[in-house]
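One structure is given here, and the rest of the page talks about it.
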Protein chains: 2
Amino acid sequence: MSSIDLSTVRTFLLGLQERITHAIAEVDGQPFMTDHWQKEPGETLQGNGITKILEQGRVFERAGCGFSHVRGPRLPPSATQHRPELAGAAFEAMGVSLVFHPRNPYVPTVHMNVRMLAATPVGENCEPVCWFGGGMDLTPFYGFDEDAVHFHQVCKDSLKPFGDDKYPRFKQWCDEYFYLKHRQEQRGIGGVFFDDFQELGLAQSFAMMQSVGDSFLQAYLPIVERRKDSLFGERERDFQLYRRGRYVEFNLVWDRGTHFGLQSGGRTESILMSMPPLASWSYQRPNEAGSPEERLYKEFLVRRDWV
Amino acid sequence: MSSIDLSTVRTFLLGLQERITHAIAEVDGQPFMTDHWQKEPGETLQGNGITKILEQGRVFERAGCGFSHVRGPRLPPSATQHRPELAGAAFEAMGVSLVFHPRNPYVPTVHMNVRMLAATPVGENCEPVCWFGGGMDLTPFYGFDEDAVHFHQVCKDSLKPFGDDKYPRFKQWCDEYFYLKHRQEQRGIGGVFFDDFQELGLAQSFAMMQSVGDSFLQAYLPIVERRKDSLFGERERDFQLYRRGRYVEFNLVWDRGTHFGLQSGGRTESILMSMPPLASWSYQRPNEAGSPEERLYKEFLVRRDWV
(Lines of atoms letter the chains of each structure in order from A and count residues from 1; the text may use other names and numbers.)
(Lines give C-alpha, C1' and ligand atoms only; values in the text may rest on other atoms or scores of the structure.)
Protein backbone atom coordinates (compact mmCIF):
# COMPACT_ATOMS: atom_id res chain seq x y z
CA MET A 1 0.00 0.00 0.00
CA SER A 2 1.99 2.99 -1.23
CA SER A 3 -0.87 5.43 -0.76
CA ILE A 4 -3.84 4.67 1.43
CA ASP A 5 -7.23 3.83 0.00
CA LEU A 6 -9.58 5.75 2.26
CA SER A 7 -12.52 3.55 1.34
CA THR A 8 -10.62 0.56 2.75
CA VAL A 9 -10.23 2.36 6.06
CA ARG A 10 -13.88 3.39 6.04
CA THR A 11 -15.00 -0.16 5.34
CA PHE A 12 -12.88 -1.49 8.19
CA LEU A 13 -14.24 1.09 10.64
CA LEU A 14 -17.89 0.48 9.70
CA GLY A 15 -17.36 -3.26 10.06
CA LEU A 16 -15.70 -2.80 13.45
CA GLN A 17 -18.63 -0.71 14.70
CA GLU A 18 -21.04 -3.41 13.49
CA ARG A 19 -19.15 -6.28 15.12
CA ILE A 20 -18.75 -4.53 18.46
CA THR A 21 -22.32 -3.29 18.77
CA HIS A 22 -23.66 -6.67 17.66
CA ALA A 23 -21.67 -8.49 20.34
CA ILE A 24 -22.62 -6.00 23.06
CA ALA A 25 -26.31 -6.18 22.11
CA GLU A 26 -26.10 -9.99 22.37
CA VAL A 27 -24.75 -9.76 25.90
CA ASP A 28 -27.29 -7.15 26.88
CA GLY A 29 -30.39 -8.53 25.23
CA GLN A 30 -31.34 -5.07 23.93
CA PRO A 31 -30.42 -3.75 20.47
CA PHE A 32 -28.59 -0.49 19.77
CA MET A 33 -30.57 2.40 18.32
CA THR A 34 -28.99 3.58 15.04
CA ASP A 35 -28.88 7.22 14.00
CA HIS A 36 -27.42 8.22 10.60
CA TRP A 37 -26.39 11.85 10.43
CA GLN A 38 -24.96 14.17 7.84
CA LYS A 39 -23.41 17.63 8.21
CA GLU A 40 -25.58 20.38 6.72
CA PRO A 41 -24.36 22.01 3.47
CA GLY A 42 -22.69 25.28 4.42
CA GLU A 43 -21.17 24.01 7.68
CA THR A 44 -17.39 24.28 7.88
CA LEU A 45 -17.01 20.56 8.48
CA GLN A 46 -18.64 18.31 5.91
CA GLY A 47 -19.29 14.61 6.27
CA ASN A 48 -21.45 11.99 7.88
CA GLY A 49 -21.62 9.46 10.63
CA ILE A 50 -23.50 6.65 12.28
CA THR A 51 -24.27 6.94 15.96
CA LYS A 52 -25.27 3.73 17.73
CA ILE A 53 -26.50 3.85 21.28
CA LEU A 54 -28.07 1.47 23.77
CA GLU A 55 -29.69 3.09 26.81
CA GLN A 56 -31.22 1.51 29.91
CA GLY A 57 -30.30 -2.01 28.91
CA ARG A 58 -30.09 -4.97 31.27
CA VAL A 59 -26.27 -5.04 31.40
CA PHE A 60 -25.43 -1.59 30.00
CA GLU A 61 -27.01 1.53 31.40
CA ARG A 62 -25.62 3.59 28.53
CA ALA A 63 -23.40 2.33 25.71
CA GLY A 64 -22.51 4.56 22.78
CA CYS A 65 -20.44 3.63 19.74
CA GLY A 66 -20.04 6.19 16.98
CA PHE A 67 -18.54 6.23 13.51
CA SER A 68 -17.75 9.56 11.88
CA HIS A 69 -16.10 10.65 8.65
CA VAL A 70 -15.55 14.37 8.14
CA ARG A 71 -13.66 16.65 5.77
CA GLY A 72 -12.54 20.20 6.44
CA PRO A 73 -10.95 22.94 4.32
CA ARG A 74 -8.06 23.52 6.72
CA LEU A 75 -6.58 21.89 9.80
CA PRO A 76 -7.18 23.86 13.00
CA PRO A 77 -4.07 25.56 14.46
CA SER A 78 -4.14 23.19 17.46
CA ALA A 79 -3.53 20.27 15.08
CA THR A 80 -0.60 21.80 13.23
CA GLN A 81 1.49 23.45 15.93
CA HIS A 82 4.14 20.73 15.66
CA ARG A 83 3.82 20.43 11.87
CA PRO A 84 4.08 23.91 10.34
CA GLU A 85 4.23 22.42 6.83
CA LEU A 86 0.58 21.39 7.29
CA ALA A 87 -0.78 24.78 8.36
CA GLY A 88 -3.92 25.40 6.36
CA ALA A 89 -3.98 21.92 4.81
CA ALA A 90 -7.30 20.40 3.79
CA PHE A 91 -7.98 17.26 5.83
CA GLU A 92 -10.14 14.21 6.12
CA ALA A 93 -10.68 12.34 9.39
CA MET A 94 -12.54 9.18 10.30
CA GLY A 95 -12.84 7.00 13.33
CA VAL A 96 -14.83 4.80 15.65
CA SER A 97 -15.18 5.82 19.27
CA LEU A 98 -17.02 4.10 22.10
CA VAL A 99 -17.73 4.40 25.81
CA PHE A 100 -19.77 1.74 27.61
CA HIS A 101 -21.26 2.43 31.05
CA PRO A 102 -22.36 -0.86 32.64
CA ARG A 103 -25.10 -1.08 35.26
CA ASN A 104 -23.31 -3.41 37.69
CA PRO A 105 -20.59 -1.56 39.67
CA TYR A 106 -18.37 -4.63 39.47
CA VAL A 107 -18.18 -4.28 35.69
CA PRO A 108 -15.71 -1.56 34.65
CA THR A 109 -16.48 1.30 32.29
CA VAL A 110 -14.53 1.06 29.05
CA HIS A 111 -13.40 3.40 26.27
CA MET A 112 -11.97 2.53 22.86
CA ASN A 113 -11.13 4.69 19.87
CA VAL A 114 -9.43 4.15 16.50
CA ARG A 115 -8.95 6.97 14.04
CA MET A 116 -7.20 8.12 10.89
CA LEU A 117 -6.29 11.62 9.73
CA ALA A 118 -5.23 12.47 6.17
CA ALA A 119 -4.05 15.96 5.22
CA THR A 120 -2.93 17.43 1.91
CA PRO A 121 -0.19 20.05 2.40
CA VAL A 122 -0.54 23.30 0.45
CA GLY A 123 1.91 23.52 -2.49
CA GLU A 124 2.71 21.84 -5.78
CA ASN A 125 2.58 18.05 -6.20
CA CYS A 126 2.12 17.51 -2.52
CA GLU A 127 1.29 13.96 -1.48
CA PRO A 128 -1.31 13.51 1.26
CA VAL A 129 0.08 12.77 4.71
CA CYS A 130 -1.61 10.15 6.85
CA TRP A 131 -1.55 9.24 10.54
CA PHE A 132 -3.34 6.74 12.72
CA GLY A 133 -4.32 6.92 16.35
CA GLY A 134 -6.23 4.88 18.85
CA GLY A 135 -6.28 2.86 22.01
CA MET A 136 -8.48 1.56 24.79
CA ASP A 137 -8.58 2.00 28.54
CA LEU A 138 -10.50 0.48 31.43
CA THR A 139 -12.05 2.28 34.42
CA PRO A 140 -13.10 -0.08 37.22
CA PHE A 141 -15.13 0.95 40.27
CA TYR A 142 -13.92 -2.09 42.19
CA GLY A 143 -10.49 -3.36 41.29
CA PHE A 144 -9.62 -6.96 40.42
CA ASP A 145 -6.05 -7.87 39.54
CA GLU A 146 -7.11 -10.60 37.14
CA ASP A 147 -9.26 -8.15 35.13
CA ALA A 148 -6.47 -5.59 34.88
CA VAL A 149 -3.93 -8.25 33.88
CA HIS A 150 -6.28 -9.70 31.26
CA PHE A 151 -7.08 -6.31 29.72
CA HIS A 152 -3.44 -5.29 29.50
CA GLN A 153 -2.38 -8.71 28.19
CA VAL A 154 -4.82 -8.46 25.28
CA CYS A 155 -3.60 -4.92 24.53
CA LYS A 156 -0.01 -6.14 24.59
CA ASP A 157 -0.74 -9.15 22.37
CA SER A 158 -2.53 -6.98 19.82
CA LEU A 159 0.61 -4.86 19.42
CA LYS A 160 3.19 -7.67 19.50
CA PRO A 161 3.34 -8.19 15.70
CA PHE A 162 4.31 -4.52 15.32
CA GLY A 163 7.37 -4.51 17.55
CA ASP A 164 8.08 -5.16 21.23
CA ASP A 165 8.50 -1.45 21.94
CA LYS A 166 4.89 -0.60 21.07
CA TYR A 167 3.07 -1.87 24.17
CA PRO A 168 5.40 -0.24 26.75
CA ARG A 169 5.37 3.06 24.85
CA PHE A 170 1.62 3.13 24.32
CA LYS A 171 0.91 1.91 27.86
CA GLN A 172 2.89 4.83 29.27
CA TRP A 173 1.26 7.26 26.84
CA CYS A 174 -2.14 6.02 28.05
CA ASP A 175 -1.20 6.55 31.72
CA GLU A 176 -0.06 10.07 30.90
CA TYR A 177 -3.12 10.96 28.84
CA PHE A 178 -5.87 9.57 31.10
CA TYR A 179 -4.78 11.49 34.17
CA LEU A 180 -6.94 13.90 36.19
CA LYS A 181 -4.40 16.54 37.10
CA HIS A 182 -6.84 18.41 39.36
CA ARG A 183 -7.41 15.21 41.39
CA GLN A 184 -3.91 13.79 41.02
CA GLU A 185 -5.59 10.53 40.03
CA GLN A 186 -5.42 8.19 37.07
CA ARG A 187 -8.79 7.83 35.32
CA GLY A 188 -8.59 4.05 35.62
CA ILE A 189 -6.11 1.23 35.16
CA GLY A 190 -5.09 2.48 31.72
CA GLY A 191 -4.48 0.36 28.64
CA VAL A 192 -2.86 1.69 25.48
CA PHE A 193 -2.98 5.03 23.63
CA PHE A 194 -1.20 6.23 20.50
CA ASP A 195 -1.56 9.21 18.19
CA ASP A 196 0.06 10.71 15.07
CA PHE A 197 1.32 7.24 14.20
CA GLN A 198 2.87 6.55 10.78
CA GLU A 199 6.32 5.28 11.63
CA LEU A 200 5.71 1.77 10.24
CA GLY A 201 4.57 3.10 6.87
CA LEU A 202 0.97 3.33 5.77
CA ALA A 203 0.11 -0.34 5.40
CA GLN A 204 1.61 -1.52 8.68
CA SER A 205 0.42 1.51 10.63
CA PHE A 206 -3.12 0.84 9.40
CA ALA A 207 -2.70 -2.84 10.25
CA MET A 208 -1.66 -1.91 13.78
CA MET A 209 -4.74 0.28 14.23
CA GLN A 210 -6.88 -2.59 12.94
CA SER A 211 -5.26 -5.01 15.35
CA VAL A 212 -6.04 -2.78 18.33
CA GLY A 213 -9.66 -2.27 17.23
CA ASP A 214 -10.13 -5.96 16.51
CA SER A 215 -8.88 -6.95 19.97
CA PHE A 216 -11.39 -4.80 21.86
CA LEU A 217 -14.09 -7.43 22.37
CA GLN A 218 -11.52 -9.98 23.51
CA ALA A 219 -10.14 -7.46 26.02
CA TYR A 220 -13.49 -6.41 27.48
CA LEU A 221 -16.16 -9.10 27.06
CA PRO A 222 -14.61 -11.75 29.35
CA ILE A 223 -14.58 -9.14 32.14
CA VAL A 224 -18.22 -8.28 31.52
CA GLU A 225 -19.20 -11.95 31.56
CA ARG A 226 -17.27 -12.55 34.78
CA ARG A 227 -18.74 -9.60 36.72
CA LYS A 228 -22.15 -8.73 35.32
CA ASP A 229 -24.15 -10.91 37.70
CA SER A 230 -22.23 -9.96 40.86
CA LEU A 231 -24.50 -9.03 43.75
CA PHE A 232 -24.32 -5.40 44.79
CA GLY A 233 -26.18 -2.98 47.03
CA GLU A 234 -26.68 0.71 47.66
CA ARG A 235 -23.10 1.19 48.84
CA GLU A 236 -21.59 -0.07 45.58
CA ARG A 237 -24.14 1.84 43.49
CA ASP A 238 -23.36 5.08 45.35
CA PHE A 239 -19.65 4.63 44.81
CA GLN A 240 -20.19 3.89 41.12
CA LEU A 241 -22.21 7.10 40.66
CA TYR A 242 -19.58 9.10 42.53
CA ARG A 243 -16.73 7.68 40.48
CA ARG A 244 -18.65 8.35 37.27
CA GLY A 245 -18.40 12.03 38.23
CA ARG A 246 -14.65 11.70 37.67
CA TYR A 247 -15.33 10.34 34.18
CA VAL A 248 -17.39 13.45 33.45
CA GLU A 249 -14.64 15.68 34.84
CA PHE A 250 -11.98 14.04 32.71
CA ASN A 251 -13.97 14.15 29.50
CA LEU A 252 -15.19 17.74 29.83
CA VAL A 253 -12.06 19.31 31.33
CA TRP A 254 -9.11 17.35 29.96
CA ASP A 255 -10.06 15.25 26.96
CA ARG A 256 -8.79 17.12 23.91
CA GLY A 257 -11.24 15.51 21.50
CA THR A 258 -14.31 16.27 23.60
CA HIS A 259 -13.28 19.76 24.53
CA PHE A 260 -12.15 20.73 21.05
CA GLY A 261 -15.20 19.09 19.47
CA LEU A 262 -17.67 20.98 21.65
CA GLN A 263 -15.91 24.31 21.22
CA SER A 264 -15.52 23.98 17.45
CA GLY A 265 -19.03 23.00 16.44
CA GLY A 266 -18.87 19.20 16.45
CA ARG A 267 -22.06 17.15 16.79
CA THR A 268 -22.83 17.55 20.49
CA GLU A 269 -25.05 14.52 21.06
CA SER A 270 -22.51 12.23 19.38
CA ILE A 271 -19.55 13.69 21.27
CA LEU A 272 -21.40 13.44 24.59
CA MET A 273 -22.35 9.79 24.13
CA SER A 274 -19.39 9.32 26.46
CA MET A 275 -21.28 10.91 29.38
CA PRO A 276 -22.64 8.49 31.99
CA PRO A 277 -26.41 7.98 32.32
CA LEU A 278 -26.24 9.15 35.95
CA ALA A 279 -23.38 10.62 38.02
CA SER A 280 -23.04 12.16 41.48
CA TRP A 281 -20.82 14.59 43.35
CA SER A 282 -20.28 15.03 47.07
CA TYR A 283 -17.78 17.00 49.13
CA GLN A 284 -14.61 15.19 50.20
CA ARG A 285 -16.19 11.75 50.16
CA PRO A 286 -14.18 9.69 52.66
CA ASN A 287 -13.01 6.12 52.11
CA GLU A 288 -13.08 3.71 55.01
CA ALA A 289 -9.58 2.42 55.79
CA GLY A 290 -9.07 -1.04 54.33
CA SER A 291 -12.29 -0.90 52.28
CA PRO A 292 -12.48 -1.97 48.62
CA GLU A 293 -13.18 1.67 47.75
CA GLU A 294 -9.93 2.78 49.36
CA ARG A 295 -8.16 -0.11 47.67
CA LEU A 296 -9.31 1.18 44.28
CA TYR A 297 -7.51 4.49 44.84
CA LYS A 298 -4.38 3.01 46.38
CA GLU A 299 -3.83 -0.05 44.22
CA PHE A 300 -5.60 0.58 40.92
CA LEU A 301 -5.77 4.32 40.19
CA VAL A 302 -1.97 4.51 40.13
CA ARG A 303 0.58 3.84 37.41
CA ARG A 304 1.44 0.14 37.60
CA ASP A 305 2.88 -2.52 35.35
CA TRP A 306 0.20 -5.15 34.92
CA VAL A 307 1.91 -7.49 32.47
CA MET B 1 -11.87 55.94 49.80
CA SER B 2 -8.86 56.96 47.71
CA SER B 3 -7.19 53.59 48.02
CA ILE B 4 -9.05 50.48 49.02
CA ASP B 5 -8.70 48.91 52.44
CA LEU B 6 -8.58 45.20 51.64
CA SER B 7 -9.58 44.26 55.16
CA THR B 8 -12.86 46.15 54.65
CA VAL B 9 -13.58 44.09 51.56
CA ARG B 10 -12.65 40.89 53.37
CA THR B 11 -14.91 41.73 56.29
CA PHE B 12 -17.82 42.44 53.95
CA LEU B 13 -17.34 39.15 52.09
CA LEU B 14 -17.08 37.05 55.25
CA GLY B 15 -20.22 38.71 56.61
CA LEU B 16 -22.07 38.10 53.35
CA GLN B 17 -21.16 34.41 53.42
CA GLU B 18 -22.39 34.20 57.03
CA ARG B 19 -25.70 35.93 56.34
CA ILE B 20 -26.49 33.88 53.25
CA THR B 21 -25.61 30.49 54.71
CA HIS B 22 -27.46 31.31 57.92
CA ALA B 23 -30.64 32.20 56.02
CA ILE B 24 -30.41 29.13 53.78
CA ALA B 25 -29.82 26.84 56.77
CA GLU B 26 -32.93 28.33 58.42
CA VAL B 27 -35.05 27.49 55.38
CA ASP B 28 -33.57 24.03 55.11
CA GLY B 29 -33.49 23.01 58.74
CA GLN B 30 -29.96 21.61 58.35
CA PRO B 31 -26.77 23.56 59.11
CA PHE B 32 -23.87 24.06 56.70
CA MET B 33 -20.66 22.17 57.33
CA THR B 34 -17.72 24.60 57.64
CA ASP B 35 -14.25 23.81 56.33
CA HIS B 36 -11.37 26.27 56.86
CA TRP B 37 -8.49 25.75 54.47
CA GLN B 38 -5.10 27.29 53.88
CA LYS B 39 -2.72 26.96 50.94
CA GLU B 40 0.43 25.00 51.80
CA PRO B 41 3.70 26.97 52.09
CA GLY B 42 5.55 26.53 48.81
CA GLU B 43 2.46 26.53 46.60
CA THR B 44 2.41 29.23 43.93
CA LEU B 45 -0.84 30.65 45.23
CA GLN B 46 -0.91 31.56 48.90
CA GLY B 47 -3.96 32.28 50.98
CA ASN B 48 -6.93 30.81 52.74
CA GLY B 49 -10.62 30.26 52.54
CA ILE B 50 -13.77 29.04 54.20
CA THR B 51 -15.87 26.47 52.40
CA LYS B 52 -19.43 26.04 53.63
CA ILE B 53 -21.55 23.24 52.29
CA LEU B 54 -24.92 21.68 53.04
CA GLU B 55 -25.55 18.27 51.49
CA GLN B 56 -28.71 16.13 51.46
CA GLY B 57 -30.81 18.71 53.24
CA ARG B 58 -34.60 18.81 53.23
CA VAL B 59 -34.86 21.71 50.76
CA PHE B 60 -31.34 21.74 49.29
CA GLU B 61 -29.77 18.61 47.89
CA ARG B 62 -26.40 20.36 47.64
CA ALA B 63 -25.65 23.98 48.51
CA GLY B 64 -22.10 25.28 48.52
CA CYS B 65 -20.95 28.78 49.44
CA GLY B 66 -17.24 29.51 49.49
CA PHE B 67 -15.05 32.41 50.53
CA SER B 68 -11.48 32.57 49.29
CA HIS B 69 -8.63 35.06 49.58
CA VAL B 70 -5.46 34.33 47.64
CA ARG B 71 -2.26 36.11 46.67
CA GLY B 72 0.02 35.27 43.76
CA PRO B 73 3.43 36.51 42.60
CA ARG B 74 2.24 37.31 39.06
CA LEU B 75 -1.02 37.54 37.16
CA PRO B 76 -1.52 34.70 34.67
CA PRO B 77 -1.25 35.71 30.98
CA SER B 78 -4.98 35.05 30.49
CA ALA B 79 -5.73 37.84 32.98
CA THR B 80 -3.47 40.46 31.41
CA GLN B 81 -4.01 40.09 27.68
CA HIS B 82 -6.00 43.33 27.55
CA ARG B 83 -3.80 45.09 30.11
CA PRO B 84 -0.17 44.73 29.05
CA GLU B 85 0.94 47.19 31.77
CA LEU B 86 -0.04 44.54 34.33
CA ALA B 87 1.94 41.64 32.85
CA GLY B 88 3.79 39.98 35.70
CA ALA B 89 2.09 42.06 38.40
CA ALA B 90 1.68 40.59 41.88
CA PHE B 91 -2.01 40.22 42.72
CA GLU B 92 -4.48 39.58 45.46
CA ALA B 93 -7.98 38.23 44.85
CA MET B 94 -10.93 37.54 47.10
CA GLY B 95 -14.53 36.60 46.63
CA VAL B 96 -17.64 34.73 47.66
CA SER B 97 -19.14 32.23 45.25
CA LEU B 98 -22.20 30.04 45.65
CA VAL B 99 -24.30 27.50 43.79
CA PHE B 100 -27.44 26.03 45.39
CA HIS B 101 -29.04 22.87 43.99
CA PRO B 102 -32.55 22.48 45.43
CA ARG B 103 -34.30 19.14 45.77
CA ASN B 104 -37.70 20.18 44.40
CA PRO B 105 -37.62 20.57 40.57
CA TYR B 106 -39.94 23.56 40.83
CA VAL B 107 -37.26 25.49 42.74
CA PRO B 108 -34.58 26.87 40.39
CA THR B 109 -30.86 26.36 40.80
CA VAL B 110 -29.04 29.61 41.56
CA HIS B 111 -25.51 30.98 41.28
CA MET B 112 -24.06 34.15 42.80
CA ASN B 113 -20.52 35.49 42.91
CA VAL B 114 -18.86 38.72 44.07
CA ARG B 115 -15.12 39.26 43.77
CA MET B 116 -12.30 41.77 43.90
CA LEU B 117 -8.90 41.72 42.23
CA ALA B 118 -6.02 44.02 43.20
CA ALA B 119 -2.76 44.07 41.24
CA THR B 120 0.44 46.05 41.72
CA PRO B 121 2.06 46.93 38.36
CA VAL B 122 5.80 46.40 38.05
CA GLY B 123 7.77 49.70 38.11
CA GLU B 124 8.53 52.63 40.36
CA ASN B 125 5.89 54.20 42.60
CA CYS B 126 3.15 52.18 41.04
CA GLU B 127 -0.23 52.37 42.76
CA PRO B 128 -2.22 49.14 43.06
CA VAL B 129 -5.03 48.75 40.54
CA CYS B 130 -8.36 47.35 41.68
CA TRP B 131 -11.40 45.87 39.96
CA PHE B 132 -14.66 44.34 41.08
CA GLY B 133 -16.80 41.66 39.51
CA GLY B 134 -19.89 39.71 40.29
CA GLY B 135 -23.46 38.85 39.51
CA MET B 136 -26.15 36.24 39.95
CA ASP B 137 -28.19 34.09 37.60
CA LEU B 138 -31.14 31.73 37.91
CA THR B 139 -31.61 28.33 36.24
CA PRO B 140 -35.17 27.01 36.48
CA PHE B 141 -36.26 23.50 35.49
CA TYR B 142 -39.85 24.62 35.14
CA GLY B 143 -40.37 28.23 34.12
CA PHE B 144 -42.62 30.73 35.90
CA ASP B 145 -42.88 34.26 34.60
CA GLU B 146 -43.42 35.71 38.06
CA ASP B 147 -40.19 34.14 39.36
CA ALA B 148 -38.15 35.44 36.43
CA VAL B 149 -39.64 38.92 36.74
CA HIS B 150 -39.02 39.00 40.49
CA PHE B 151 -35.40 37.85 40.18
CA HIS B 152 -34.59 40.38 37.47
CA GLN B 153 -36.43 43.18 39.29
CA VAL B 154 -34.31 42.68 42.41
CA CYS B 155 -31.14 42.63 40.28
CA LYS B 156 -32.24 45.84 38.59
CA ASP B 157 -33.13 47.56 41.86
CA SER B 158 -29.78 46.64 43.39
CA LEU B 159 -27.99 48.45 40.55
CA LYS B 160 -30.28 51.47 40.29
CA PRO B 161 -28.28 53.72 42.67
CA PHE B 162 -25.24 53.25 40.42
CA GLY B 163 -26.75 54.48 37.16
CA ASP B 164 -29.61 53.41 34.90
CA ASP B 165 -27.21 51.95 32.35
CA LYS B 166 -25.89 49.26 34.71
CA TYR B 167 -28.78 46.79 34.70
CA PRO B 168 -29.24 46.65 30.90
CA ARG B 169 -25.48 46.33 30.35
CA PHE B 170 -24.97 43.66 33.01
CA LYS B 171 -28.14 41.79 32.02
CA GLN B 172 -26.85 41.49 28.45
CA TRP B 173 -23.37 40.51 29.68
CA CYS B 174 -24.99 37.75 31.76
CA ASP B 175 -26.95 36.43 28.76
CA GLU B 176 -23.76 36.36 26.72
CA TYR B 177 -21.66 34.70 29.41
CA PHE B 178 -24.07 31.96 30.56
CA TYR B 179 -24.59 30.50 27.10
CA LEU B 180 -23.94 26.89 26.09
CA LYS B 181 -22.57 27.37 22.59
CA HIS B 182 -22.48 23.62 21.89
CA ARG B 183 -26.23 23.39 22.69
CA GLN B 184 -27.19 26.83 21.39
CA GLU B 185 -29.03 27.28 24.70
CA GLN B 186 -28.95 29.82 27.50
CA ARG B 187 -28.00 28.25 30.84
CA GLY B 188 -31.12 29.71 32.45
CA ILE B 189 -33.08 32.95 32.57
CA GLY B 190 -29.96 34.99 33.30
CA GLY B 191 -29.66 37.84 35.77
CA VAL B 192 -26.66 40.17 35.91
CA PHE B 193 -22.92 39.74 35.36
CA PHE B 194 -20.06 42.23 35.44
CA ASP B 195 -16.28 41.99 35.51
CA ASP B 196 -13.20 44.24 35.53
CA PHE B 197 -15.36 46.99 37.01
CA GLN B 198 -13.78 50.19 38.36
CA GLU B 199 -15.41 52.92 36.32
CA LEU B 200 -17.21 54.49 39.30
CA GLY B 201 -14.01 54.80 41.32
CA LEU B 202 -13.02 52.49 44.13
CA ALA B 203 -15.58 53.43 46.75
CA GLN B 204 -18.64 53.38 44.48
CA SER B 205 -17.49 50.31 42.56
CA PHE B 206 -17.11 48.46 45.87
CA ALA B 207 -20.50 49.77 46.97
CA MET B 208 -22.06 48.42 43.78
CA MET B 209 -20.56 44.98 44.36
CA GLN B 210 -21.88 45.08 47.93
CA SER B 211 -25.33 46.04 46.73
CA VAL B 212 -25.47 43.07 44.36
CA GLY B 213 -24.26 40.64 47.04
CA ASP B 214 -26.63 42.06 49.63
CA SER B 215 -29.63 41.65 47.33
CA PHE B 216 -29.10 37.94 46.73
CA LEU B 217 -31.36 36.61 49.48
CA GLN B 218 -34.14 38.99 48.48
CA ALA B 219 -33.83 37.81 44.87
CA TYR B 220 -33.84 34.09 45.61
CA LEU B 221 -35.56 33.27 48.91
CA PRO B 222 -39.10 34.33 47.94
CA ILE B 223 -38.88 31.94 44.97
CA VAL B 224 -37.69 29.11 47.22
CA GLU B 225 -40.53 29.75 49.68
CA ARG B 226 -43.09 29.84 46.88
CA ARG B 227 -42.00 26.58 45.19
CA LYS B 228 -40.33 24.33 47.74
CA ASP B 229 -43.46 22.42 48.73
CA SER B 230 -44.80 21.93 45.19
CA LEU B 231 -45.84 18.36 44.49
CA PHE B 232 -43.72 16.57 41.93
CA GLY B 233 -43.21 13.07 40.58
CA GLU B 234 -40.76 10.94 38.66
CA ARG B 235 -41.25 12.92 35.46
CA GLU B 236 -40.20 16.22 37.03
CA ARG B 237 -37.32 14.58 38.89
CA ASP B 238 -36.03 12.99 35.66
CA PHE B 239 -36.15 16.30 33.85
CA GLN B 240 -34.35 18.03 36.72
CA LEU B 241 -31.52 15.47 36.63
CA TYR B 242 -31.26 15.78 32.86
CA ARG B 243 -31.14 19.58 32.97
CA ARG B 244 -28.52 19.45 35.72
CA GLY B 245 -26.31 17.74 33.13
CA ARG B 246 -26.33 21.04 31.24
CA TYR B 247 -25.13 22.81 34.38
CA VAL B 248 -22.20 20.39 34.53
CA GLU B 249 -21.45 20.95 30.85
CA PHE B 250 -21.46 24.72 31.23
CA ASN B 251 -19.26 24.76 34.31
CA LEU B 252 -16.67 22.27 33.07
CA VAL B 253 -16.51 23.32 29.41
CA TRP B 254 -17.24 27.05 29.33
CA ASP B 255 -16.92 28.65 32.75
CA ARG B 256 -13.58 30.45 32.76
CA GLY B 257 -13.21 30.40 36.54
CA THR B 258 -13.86 26.68 36.89
CA HIS B 259 -11.78 25.66 33.93
CA PHE B 260 -8.87 27.92 34.74
CA GLY B 261 -9.03 27.00 38.43
CA LEU B 262 -8.88 23.26 37.76
CA GLN B 263 -6.10 23.56 35.21
CA SER B 264 -3.96 25.89 37.32
CA GLY B 265 -3.96 24.08 40.65
CA GLY B 266 -6.92 25.66 42.46
CA ARG B 267 -8.59 23.81 45.34
CA THR B 268 -10.62 21.19 43.47
CA GLU B 269 -13.24 20.35 46.08
CA SER B 270 -14.02 24.05 46.60
CA ILE B 271 -14.21 24.80 42.88
CA LEU B 272 -16.44 21.79 42.26
CA MET B 273 -18.94 22.70 44.98
CA SER B 274 -20.87 23.99 41.97
CA MET B 275 -21.44 20.43 40.68
CA PRO B 276 -24.93 19.00 41.25
CA PRO B 277 -25.41 16.12 43.70
CA LEU B 278 -26.83 13.96 40.89
CA ALA B 279 -27.10 14.54 37.13
CA SER B 280 -28.12 12.46 34.13
CA TRP B 281 -27.51 12.30 30.39
CA SER B 282 -29.56 10.65 27.66
CA TYR B 283 -29.43 10.77 23.87
CA GLN B 284 -31.60 13.37 22.16
CA ARG B 285 -34.18 13.50 24.93
CA PRO B 286 -37.42 14.57 23.24
CA ASN B 287 -39.86 17.14 24.63
CA GLU B 288 -43.56 16.54 24.21
CA ALA B 289 -45.17 19.33 22.19
CA GLY B 290 -46.93 21.80 24.46
CA SER B 291 -45.40 20.31 27.64
CA PRO B 292 -43.90 22.44 30.42
CA GLU B 293 -40.51 20.93 29.52
CA GLU B 294 -40.79 22.19 25.96
CA ARG B 295 -42.00 25.53 27.28
CA LEU B 296 -38.81 25.87 29.33
CA TYR B 297 -36.68 25.69 26.18
CA LYS B 298 -38.90 27.90 24.04
CA GLU B 299 -39.90 30.59 26.50
CA PHE B 300 -37.26 30.65 29.22
CA LEU B 301 -33.90 29.46 27.86
CA VAL B 302 -33.85 32.34 25.38
CA ARG B 303 -32.72 35.95 25.69
CA ARG B 304 -35.71 37.95 26.91
CA ASP B 305 -36.38 41.22 28.64
CA TRP B 306 -38.05 40.38 31.93
CA VAL B 307 -38.36 43.85 33.46
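The backbone N, Cα and C atoms fix where each Cβ goes, and this holds for glycine too.
Swiss-Prot lists B:Asn113, B:Val114, B:Arg115, B:Gly265, B:Gly266, B:Arg267 as binding substrate, and of B:Ser97, B:Ser158, B:Ser230, B:Ser291 the one it places in that same site is B:Ser97. As stated in Swiss-Prot, the feature region 'Important for dimerization' covers range B:247-282 out of the listed B:31-66, B:247-282. Using B:Arg267 (substrate binding site) as the reference Cα, a 10 A cut-off selects none from the binding-site residues B:His101, B:His111, B:His152, B:His182. Sequence-distant contacts (6 or more apart, same chain, Cβ under 8 Å) of B:Val114 (substrate binding site) comprise B:Leu13, B:Leu16, B:Gly95, B:Val96, B:Phe132, B:Gly133, B:Gly134, B:Met209, B:Gln210, B:Val212, B:Gly213. Here B:Ser97 (substrate binding site) comes close to B:Cys65, B:Gly66, B:Ser68, B:His111, B:Met112, B:Asn113, B:Arg115, B:Gly257, B:Ser274: these same-chain residues lie at least six apart in sequence, with C-beta atoms under 8 angstroms from its C-beta. Taking CA atoms as the reference points, B:Gly266 (substrate binding site) and B:His101 (divalent metal cation binding site) are 22 Å apart.
Chain A comes close to B:His182, taken from the binding-site residues B:His101, B:Asn113, B:Val114, B:Arg115, B:His182, B:Arg267 by a C-beta to C-beta distance under 8 angstroms. Fewest other C-beta atoms within 10 angstroms, among the binding-site residues B:Gly265, B:Gly266, are seen around B:Gly265.
Taking only the Cα positions, the spacing between B:His182 (divalent metal cation binding site) and B:Gly265 (substrate binding site) is 26 angstrom. Taken residue by residue, the region 'Important for dimerization' (B:247-282) breaks down under DSSP into 23 helix, 3 strand, 10 coil.
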